[in-house]
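Enquirer: I grabbed these lines from TrEMBL:
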REGION    1-32  region 'Disordered'
COMPBIAS  1-11  compositional bias 'Basic residues'
COMPBIAS  12-30  compositional bias 'Polar residues'
BINDING   46, 48, 73, 94, 122, 137  S-adenosyl-L-methionine binding site
DOMAIN    53-158  domain 'Ribosomal RNA adenine methylase transferase N-terminal'
């Protein structure tokens, strides 16, 4: 793992979009602040922005309406907002507290907010809940460790 910036809190917590109430409404869940967040190079962040790639990932995931989805590295939530209508629930694991706030904010006030739980933590160290499908856009430097963790995860998933 890369050296973490010293200002980063080591607190690990869970934020559920369903647990917060707000009057904020958006037709697509997109927030203006998503464009204002810069990737942190030390975290290896690379935000998924291309709608065609996002749509291809969603299609290839073959998510069923009954599926519980685990998303690793939701970032600004561009993929998250496309996955939520497809599944019964989605747990997103995000390392960066800024992104936890961003993805939560993007989903608040939408009809899908009750399906989302965001866990702030290191995906390599966080215990995963039960899930049927894992979808991820992860930094290169954790890809091998994450693959090994997922291969040893039980129960097996699709």
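Including glycine, each Cβ sits where the backbone N, Cα and C put it.
Remember, predicted model here, so these are calculated numbers, not experimental data.
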Enquirer: Checking the spread of the S-adenosyl-L-methionine site as listed (46, 48, 73, 94, 122, 137): what is the longest Cα-Cα distance, in whole Å?
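Expert: Those residues reach a largest Cα separation of 19 Å.
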Enquirer: What is the three-state DSSP composition of the domain 'Ribosomal RNA adenine methylase transferase N-terminal' (53-158), stated as helix, strand and coil residue counts?
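Expert: Across the domain 'Ribosomal RNA adenine methylase transferase N-terminal' (53-158), the residues distribute as 42 helix, 20 strand, 44 coil.
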Enquirer: I want to check the contact list for residue 73 (S-adenosyl-L-methionine binding site): same chain, sequence separation of six or more, C-beta distance under 8 angstroms. What comes out?
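Expert: The answer is 93, 94, 95, 123, 136, 137, 138, 139.
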Enquirer: Over the domain 'Ribosomal RNA adenine methylase transferase N-terminal' (53-158), what is the model's average pLDDT?
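Expert: Summing pLDDT over the domain 'Ribosomal RNA adenine methylase transferase N-terminal' (53-158) and dividing by its length gives 95.
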Enquirer: Looking at the binding-site residues 46, 137, which one has the fewest other Cβ atoms within 10 Å of its own Cβ?
Expert: 46
Enquirer: Using a 10 Å cut-off, grab the number of neighbouring Cβ atoms around the Cβ of residue 48 (S-adenosyl-L-methionine binding site), all chains included.
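Expert: Total other Cβ atoms inside 10 Å, all chains included: 17.
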Enquirer: I'd like to know which of these binding-site residues, 94, 122, is least surrounded, judged by other CB atoms within 10 A.
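Expert: Ranked by other Cβ atoms within 10 Å, the binding-site residues 94, 122 bottom out at 122.
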